[in-house]
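Database features (TrEMBL):
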COILED    702-729  coiled coil
COILED    1018-1045  coiled coil
DOMAIN    144-212  domain 'K Homology'
DOMAIN    216-284  domain 'K Homology'
DOMAIN    289-355  domain 'K Homology'
DOMAIN    360-428  domain 'K Homology'
DOMAIN    432-501  domain 'K Homology'
DOMAIN    506-574  domain 'K Homology'
DOMAIN    652-721  domain 'K Homology'
DOMAIN    725-794  domain 'K Homology'
DOMAIN    798-887  domain 'K Homology'
DOMAIN    888-954  domain 'K Homology'
DOMAIN    966-1037  domain 'K Homology'
DOMAIN    1041-1110  domain 'K Homology'
REGION    835-855  region 'Disordered'
REGION    1150-1185  region 'Disordered'
Amino acid sequence: MSSVAVLTPESFAEHRSGLKDQEITGNDEAYIPTYLEAFPPLPEKGAPGEKAGEPASAWGSKIRPIKASVITQVFHVPLEERRYKDNSQFGEGEEAKVCLDIMQRTGAHIELSLAKDQGLSIMVTGKLDSVMKARKEIVARLQTQASATVAIPKEHHRFVIGKNGEKLQELELKTATKIAIPRPDDPSANIRITGTKEGIEKARHEILLISAEQDKRAVERLSLEKAFHPFIAGAHNRLVQELSQETGARISIPPPSLPKDEIVITGEKEAVALALSRIRAIYDDKAKSVMVVEVTAPAWLHRFIIGKKGQNIGRITQQLPRVHIEFTDGEERISLEGPTEEVEQAQAQIQEIIKDLLVRMDYTEVIIDQRFHRHLIGKNGANINRIKEQYKVSVRIPQDSERSGLVRIEGDPKGVQLARRELIEMVQRMENERTKDLIVEQKFHRTIIGQKGEKIKEVRDKFPEVIINFPDPAQKSDIVQLRGPKNEVEKCAKFLQKIIADLIENSFSLSVPIFKQFHKNIIGKGGTNIKKIREETNTKIDLPTENSNSEMIVITGKKSNCEAARERILAIQRELANIKETEVAIPAKLHNSLIGSKGCLVRSIMEDCGGVHIHFPSEGSGSDKVTIRGPAGEVEKAKKQLLQLAEEKQVNNFTAELQAKPEYHKFLIGRGGANIRRVRDRTGARIIFPSPDDTEQELITIVGKEEAVRQAQKELESLVKNLDDVVEDSMVVDVRHHRHFVCRRGQVLRELAEEYGGVAVSFPRTGANSQRVTLKGAKDCVEAAKKRIQEVIEDLESQVSVEVAIPQRYHRAIMGPKGCRIQHITREHEVQIKFPEREDSQEAPPQENGEVSPEAEFVPRKCDIITIAGRAEKCELAKAALLALVPITEDVEVSYELHRYIIGQKGSGIRKMMEEYEVNIWVPQPEKQLDVIKVTGLVANMERAKQGLLERVKELQAEQEDRALRSFKVTMSVDPKFHPKIIGRKGAVISQIRKDHDVSIQFPDKGDEQQVCDLIVISGYERNVEEARQAIQQLVAELQEMVSQDVHLDPRTHARIIGARGKAIRKLMEEFKVDIRFPQPGSGEPDKVTVTGLPETVDNAIDHLLNLEEEYMLSVTETETLAAYMKPPSRDDSSGGPAKGFVVRDAPWNAAGNKAPDMSSAEDFPTFGTGVAPKQTSAWGPKKF
């Protein structure tokens, strides 16, 4: 810290007179001092030539050196010890971050620099403790750490630690290391030091010095009975303190709470020996005159005898310090030990206390069931603490582990009785508590509890006296238990039942059957449709996964909301397809019988009629209407079957059940349902097989008239019996056909087994050269399988290959999603279809809009040839089916001007149409300027796509016409000085005109010199443009009437008139309907203020401004006057002439070769700091960024 002395002419003269009193006579100004006289050197401390008799230095001995409070330390970290050695980011890397963190934490200033040897120089500046802390952290975090151990005797460790660890902390700061001293119970004597090499060496040296100092001392341990320790210590440890002072040894007596009898004496050897002999003398003396007495007192009174914080017993031990009093926990005795006379006095005093306590104190014990203990204690001990404080008693409730119901109350007799009564009342109240069980479906438990128990916490806060217990989820129980006061339990139960009712209402669920192909349309692009329905109906809608066969969409929520959502979903389906919906009136009493067991009857009709959806009204609604939805032809077929079944049910409703193994079902049904259809036709009964979801997979249900059912049952039983008779047969199959049956992991054999009652077909191993094939299963199944194998062989022998040339770019479309279309053709026509390998090497024709131009001439290549293998007639049918899947191209006439609008922004418009109509739309390149758009797609989709495209064209044409009407323009000339007023503050005025008249208004650009600067262009509908023009003309007319006047206001009042953030001036402008402009900072006329507006409003505003100026100037004048009085007087005498300065003789610069310093040079006379000139601010206040 630097100090500066200011030397004035007066002080210099005074100083000089004190130095050379005898030499100065007459006029002081005539004398010119020497440089050493004017500027004497600072005294050198302890200079060798200094004598006692010499006169003191001119600076005087009274001036004490000022100790700097800010210190600077510099230390070096060698390259090999640097933790971060990456110099490429010096000043930006981890080292800089670590230093910044240390600076923030310690308050010290740190500067880093890189030495030539790549070592790190660190300068730390700040207060002493901050510098030491910062240095320790720097060493720990920037320098690599080493570790070493130093072994010193275990008894010396405490001297290294010091009192409260202060010595250890000081040592760690001083050496910038971390010192780990083993715990007292650790037998190791090694102290571990961690830090830099230099720091470790320093710390090791300091520790060894401390140990060496302690080696000069002796240690003695003396074991004496604990009863004699108080006699050695004396009252308030006075005796042992006196002993320590006399002998110079340190005596350590273990406290009464510590179960040790060892007294430790440390110090110089002679001092220890003297103290040891003195202690033994005290012990020998007291051992002869000590007696032990036992006083009987109830164990529960012991703590009252001791008193609060040991007050009672402390009073006795103060009076009789040599008496040792010991209480035994759980026993009714108190031991007193000490000199005979003092023990007798202590015994009398304790017996007096016991007698008094037995009169004043009482206790009682209450047996309380252990299950009530936690309720007696209360949350965080609230209940029991209240009782203790209220009745001034002590209540002991046994721990749960004690398995005891005994509660003990001790204290004032009256308080004990009151506390006992309250505890008993609480127990009775708890015994009389009501427990109520609520039946709540387990699925609602988590919802009632809420996330992290938030919702149930609200209920518990509302009913704090009621305990709510939910069953463990693993128990699958629906019982929620409420326990508490009867009224509170009832209120809580009603509250919970209301919550449950709301949950049940909101958990209504219904399923809507929607054809699978329409699910994507219901979801919408990016889920927009389904999201909108969910939000607007406030329901939860779950759709089946893509790979699921289910068509059901599940809607959950309130019943009315669910029905609204269902209607909206069905409306989407109706729009997308030719779906017919019809209602059939069937008596409600027949609905359950028509649905059948687990829906088997109605499901059989739906499957038989191409997957139509049949919806029965909910049970109990009383409605007779059954809804059938699906393709028109299938709906009629389903309606006929449903009415026929209802008629059968009304005439004669008879049902029979039959058991058959699931593997027989396909054989019983036959290919395409041929077998079961024959049985139905012969008997007239309806036969229903279980669906894959049914639990009873072996149960076949027969419904119809009794006679027909009996006949059908008999036929089916006969078929099943034949199937149960297992036979083994064989047939000859040419070896060249074996591969067809076993290829594709035996797919053909699996299909045979499924179709013919699980028949097992075994082909010989490859290379066996055997033609014999073995079949094992039911007789009828084996025969049917043999017949089917023979048909397959005939097909294989008569198999032909047909090639179909279809451009490769259509192959993916023909295959369909996951090959579904090609699989359908393969199954339907019993053929094999092979697609060629893709060829990517050849250069593809030019593409536009994502597809190849349809105009390109098709030349078949190898990669375009699709091969069909099978019977000739079936191959032709398959070929026709494939060709039907090949997209066709048609031209749609669309004006070239509309093409870019059809494509849309980044192709979004054309992409949407292609997705919606499942076609490809090709727009010619812009430079061709063709009025044709080509649409490519399946025949089924072409008509819809063309119609959609033409509708879009109509929309665009209408928009074009509208744009033409909106493009009407008018230009009007308005003086540029009025433009800012027409635009308004932040464009408020012009925005309002645009909004009111629905027009576009353009002003000329300020920087564009080519534009006419006074023309405003208005565009929009003709009528709107005319109205907007009139509005602007009216506004201009008003502006032309306005005048501008200048008023001169003192600049010191401007800020007050403007107000904080211009609030006051804005209010004034609004009040007088004028515009007020203040001069910019640095203006030539800082007092000129311009007011613009109508003549009368301008005059009123100027008058108001002048009044404000007059008012504010009074305040300004008062402030300046006060400031003038408060200003301190100048040290300089302004009336005198210019300062002459100082002239000295024998100055260093007068010597040869030296030059006088330049007083104007900042280098010779550096400044201590430069004041920052205040930045001129605007009257409006500081700028906001």
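Heads up, the Cβ atoms here are built off N, Cα and C, so glycines get one too.
Confidence annotation: the domain 'K Homology' (506-574) carries a mean pLDDT of 81 in the model. Within its own chain, the coiled coil (1018-1045) has Cβ neighbours under 8 Å at 965-972, 974-975, 978, 981-982, 989, 993-994, 996-1002, 1090-1095, 1098, 1102, counting only residues six or more beyond its boundaries. Across the range of the domain 'K Homology' (725-794), the DSSP-based residue counts are 37 helix, 17 strand, 16 coil. Counting residues per DSSP class in helix, strand and coil order gives 37 helix, 15 strand, 18 coil for the domain 'K Homology' (1041-1110).
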